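J.: Handing you this structure, nothing more for now.
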Amino acid sequence: MDKELKKEKIKLILIEPEEHLGYLLSEFFYQQNFVTYISESFIHLTDIINLHNPDIIIIDDSQNLETYKLSNIYLPIILLTTRGLKNDRMKIHKLGFDAYMLKPFDPDELIAIISNLIYKKRNIKELQFIKHRISNLNLKLKYRETSFSYINLTVKEKEVFKFIQDGLTNKQISNVMGITQRSVEKYVTKIFEKLKIQNRIQILSYFN
């Protein structure tokens, strides 16, 4: 097994209808430093996932392929099967399995596949986390930029800005501030130029 995986406990769900095979497989996975949760059927898989938060799922039940609904399971899933014909392989992929192994399988190959799928899953999570961080950073930079531009407004311009956000017209602002409507229009023009906006609607959502 990969050195990094050996350092940690990998949590695995095993769907195995036959009790003695489940025991043998769980013993094998235990030797590989895996924590194995065994279920005899697919029915309660969602509950098991929510309870144990596993890293990967292995299903040894090729007799009931059509019963598996995998579209809502965002975990790597491996099928152990005796079905090796082309049509069977196509069906396996269409159902959403990430990988499959023909029985009897090579234990080392199975561990290699598990290791590879787990790393892919983690890399995807890391990429999603990075994208989320970048998105948040862009929002912060945008807010800082808008805040900096707002700071450059004069006292009078900030007053007009606030009144526009409150929904007042130019005429209403001129009455409140005791200045001409023409003066208000000049302030509005300056605000548009400094904040690089084009209309009053953009002022209403400026800090959002």
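Even glycines carry a Cβ here, placed using N, Cα and C.
So Swiss-Prot lists these for the protein:
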DOMAIN    11-118  domain 'Response regulatory'
MOD_RES   Asp60  4-aspartylphosphate
DOMAIN    146-208  domain 'HTH luxR-type'
J.: Report the same-chain neighbours of Asp60 (4-aspartylphosphate): residues 6+ apart in sequence with Cβ closer than 8 Å to its Cβ, ordered by sequence.
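T.: Counting only residues 6 or more apart in sequence, the Cβ neighbours of Asp60 (4-aspartylphosphate) under 8 Å are Leu14, Ile15, Glu16, Pro17, Glu18, Leu21, Leu25, Leu79, Leu80, Lys103.
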J.: Go ahead and report the DSSP secondary structure tallies for the domain 'HTH luxR-type' (146-208): helix first, then strand, then coil.
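T.: Summed over the domain 'HTH luxR-type' (146-208), the classes give 45 helix, 0 strand, 18 coil.
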J.: Provide the three-state DSSP residue tally for the domain 'Response regulatory' (11-118): helix first, then strand, then coil.
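T.: Here the numbers are 49 helix, 24 strand, 35 coil.
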